[in-house]
Structure formats: C-alpha cells, structure tokens
Ligand SMILES: Nc1ncnc2c1ncn2[C@@H]1O[C@H](COP(=O)(O)OP(=O)(O)O)[C@@H](O)[C@H]1O
Ligand SMILES: Cc1cn([C@H]2C[C@H](O)[C@@H](COP(=O)(O)OP(=O)(O)O)O2)c(=O)[nH]c1=O
C-alpha cells in the first residue's frame, strides 16, 4: 500500500508515463484527478470548459472532488494492498489555482482533509515543448496557454525544492522517465520492507 502521485504541467507526459509504469510494477491501481465522480464530471464539463466566476470556485471544486476520490477510491485500494498511482493531486491545485491567483494557504487549508502521498514525482518539461505536444491533441483546454503554464511550472519547481519532491526531466523518451519513476517507487518499497 503505497500512494504515488505523478504531477506536471499539461503535456509533460503524465498519462503516457503512468500507462508504462503499470507494466513495470506489480499490483498497480491507476487513477486520476479530476476523478470520474459527479464532481469530477462537473469540473470537466463545466468548470474547465465554460469557466467559473472566480478561481476560488475551481479550487473548491477540485478539493471537493479530491476528498470524495480519496475516501471512495484511493483509500479502499490502498487498504487492499495496491500501489495506487494517481495522476494529479493536491500539488495540482497549489500549482494551477495558485497560478490563477488563489492564495496558497487557502488551497492548503481546503485540502487538509486528505493525507499526503508517500511519493510525489514532478515531471518537468519546458512549457513550449508541452504545448507543442498537446496541440496534437486538438483544441487547447482552459489552462493550456504558454504564459499560464510557465507560472504553473514555476510553482511546481519551488514546491519541489521546499518539499524535496524528485523532479524528473520529462523531455526524454517516456520509457526512460517511466523506468526512473519505477526505480523511485521500488526504492521506497524496499526501504519500507527493511524497516518493518
Ligand atoms: N516523453 C515524451 N516524448 C515525446 N512525446 C511525448 C512524451 N510523453 C508524452 N508524449 C506525447 O505528448 C502528448 C501528451 O502526453 P500525455 O501523456 O497525455 O501528457 P499529460 O498527461 O501530462 O497531459 C501525447 O500525444 C503523448 O503521446
Ligand atoms: C487536479 C487538478 C487539475 N487541474 C487542471 C489541470 C489540467 O489543465 C486540467 C485537467 O484536465 P486533464 O485533461 O485531465 O489534464 P491533462 O491535460 O493533464 O491530461 O485540470 C487544476 O487546475 N487543479 C487541480 O487540482
């Protein structure tokens, strides 16, 4: 039961790396935020598409979705002994809603009902590279603008320095990045076994 979170700007390769990881590690349960709950759908179909009146509304919706997601999906899978790999979690709210102007202390407070992951990994890539990657995916989503993603990346990197999160160079081939994440998880699992 290890809770792993993969973070990074849109187009950093999170989904790609996570799908490779599930082949490199045993007993993996993959999930993501915004989640598939009704709150997650509200975020995807309304907040991210049409836009909210204030970025605090986004922060509150993401936090509400996260509490539901943790209680209903993540916690039960951890109890069953899975390595839960979640694409985005509290650090996404700190980075994106923080970049949109919401005070970080406020974001931390509304997210204080969920526990910290065992491992948070930041996939780091130049926003210009990331935008070029996501352009192939079709129309740009709400946050997929260069100047905004530069601010988001800045917050991720300062949070990583503060919290000691590993930052991986995600401009490399996805297979290489996935192997490095797998090594970090295995190291963590190994150190836990040797202390228990
Ligand atoms: N390491 C990589 N090198 C080149 N292209 C990549 C890499 N990782 C992902 N991609 C491509 O970039 C796009 C965005 O990747 P994705 O995994 O969906 O990113 P995210 O989940 O972080 O938004 C996809 O078209 C994917 O195939
Ligand atoms: C979880 C979370 C996501 N987001 C944003 C990041 C993404 O732009 C968007 C999620 O859309 P999604 O299409 O899942 O992202 P991706 O492009 O990474 O595959 O929501 C926040 O702003 N705050 C959050 O707390």
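Cβ atoms here come from the backbone N, Cα and C positions, even for glycine.
Those TrEMBL annotations? Automatic predictions, nothing curated.
Per TrEMBL, these features apply:
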- 6-180: domain 'Thymidylate kinase-like' (DOMAIN)
- 8, 9, 10, 11, 12, 13, 14, 15: ATP binding site (BINDING)
Filtered by Cβ distance under 6 Å to ligand 1, the binding-site residues 9, 10, 11, 13, 15 reduce to 10, 11, 13, 15
Same-chain neighbours of the ATP site, Cβ within 8 Å of the mean position of the Cβ atoms of 8, 9, 10, 11, 12, 13, 14, 15 and not counting those residues, run in sequence order as 123, 125, 130, 133, 170
Reading the DSSP string in three states, the entry for residue 14 (ATP binding site) is helix
Sorting the binding-site residues 8, 9, 11, 12 by sequence and keeping only those with a Cβ under 6 Å from ligand 2 gives none
Neighbouring CB atoms within 10 angstroms of the CB of residue 9 (ATP binding site), all protein chains considered, total 30
Going by C-beta under 8 A and a gap of 6 or more residues, the same-chain neighbours of residue 14 (ATP binding site) are 6, 7, 8, 87, 88, 123
Here the binding-site residues are 8, 11, 13; the one whose Cβ sees the most other Cβ atoms within 10 Å is 8
For residue 10 (ATP binding site), the number of neighbouring Cβ atoms whose distance to its own Cβ is within 10 Å equals 21
Around the Cβ of residue 15 (ATP binding site), other Cβ atoms within 10 Å, all chains included, total 14
Taking all protein chains shown into account, the Cβ-based neighbour count within 10 Å for residue 12 (ATP binding site) is 28
DSSP output for residue 9 (ATP binding site) maps to coil
